[in-house]
């Protein structure tokens, strides 16, 4: 689960991290009031969306020379006028895709005199079962660009949760960022604070970009992104309360109600599969045959008829879907349950696009019989390759 920047900074501030003063605003009046509280002389008006690249982003409906989603201004009236222009508009960045995201809230923050910019993040390293720390002197840039152009400027080390942060980690961070003296001590303190927050709140990722050195030689968290392990939210009601569903795909929200693993993509072929590995393989083979998947959808191993019906309805709710591939390898999951769910969903919502079904495993013959006797126009597939080839051909033939 992701949260907004202003929420992320509030969470980090609870653990002592040095963040600038700021206030969230949902209206131009609230933005102006926030600026008055801060007092100036410099204010930063920040769009709050779950995507990066806000500063270089473009608002729909404004000219090509218009400012982006992060603006530096010098008066309360400028804060108000910029808020009026930004709120309610769609901001398009390299991370939002062409559809962009509507800006429904702003973060009004005090300005900062920047001497240096760094990148710092903590994330779960699944390979080592440790917390990986990534640091770079190239702050304020996309870390992916740094990794591509100057990979030698990215430094990583891991922290073992069994032992926590040690002085050797402090020295590694100071060396990676080129810090000495008082700044090295501040970096050590910050690492302690961030690691404590990361572990206490079950974070999946903590990213600060940029972490700055101010003109008076202190570290400050200028931007922060936090992502939390969704499976841990039951023990963090304070974090769960920060969820902003307007930033999420409505289909993904609906899928979560049925414990379905669903991620919307930009393609045209909807996929319903059991098992994450098989789902990824299904998406790969669709691309191999010249089309693009419209989603990742794993119904899991213990899906009921109702769950399968819900999954099918979520797929068909996407207007971009021009065909559907159901690919089930029944182990724990029974093929007859999938068949009954698909039929129930088709009868309820109708079938306006080609549907290819590949079943294999537990109760496969019964599943195939249920589908063949349903009277529905379903294309049967013998294996995964056959299924992908048939759905791609059906979609291209329907154009």
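Backbone N, Cα and C atoms are what each Cβ position is placed from, and that goes for glycine too.
Copied over from Swiss-Prot, here are the features:
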DOMAIN    9-254  domain 'ATP-grasp'
BINDING   46, 53, 54, 55, 109, 112, 117  ATP binding site
BINDING   209, 223  Mg(2+) binding site
BINDING   274, 331, 332, 333  substrate binding site
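With residue 55 (ATP binding site) as the anchor, the candidate binding-site residues are 209, 274, 331, 333, and the one with the nearest CA is 209.
Note on proximity: among 223, 274, 331, 333, the binding-site residues of the record, the Cα nearest residue 46 (ATP binding site) is that of 223. Residue 332 (substrate binding site) falls outside any helix or strand according to DSSP and counts as coil. Residue environment of residue 109 (ATP binding site) contains 25 other Cβ atoms, counted within 10 Å of its Cβ in all protein chains. Taking 109, 117, 209 as the binding-site residues under consideration, the smallest Cα distance to residue 332 (substrate binding site) is found for 209. Checked against residue 209 (Mg(2+) binding site) by C-alpha proximity, the binding-site residues 53, 54, 117, 274, 331 yield 117 as the nearest. Around residue 53 (ATP binding site), the same-chain residues at least 6 positions away in sequence with a Cβ under 8 Å from its Cβ are 93, 94, 95, 96, 142. Every protein chain shown contributes to the tally, and the Cβ of residue 112 (ATP binding site) ends up with 15 other Cβ atoms within 10 Å. Whole-number maximum of the Cα to Cα distances across the substrate-binding residues 274, 331, 332, 333: 10 angstrom. In terms of C-alpha distance, the listed binding-site residues 223, 331, 333 place 223 closest to residue 109 (ATP binding site). Each of the binding-site residues 209, 274 was scored by the number of other CB atoms within 10 A of its CB, and the lowest score belongs to 209. The DSSP secondary structure for residue 274 (substrate binding site) is coil.
Residue 223 (Mg(2+) binding site) has 112 as its nearest neighbour among the binding-site residues 112, 331, 333, going by CA to CA distance.
Farthest C-alpha pair in the ATP-binding residues 46, 53, 54, 55, 109, 112, 117: 19 Å apart.
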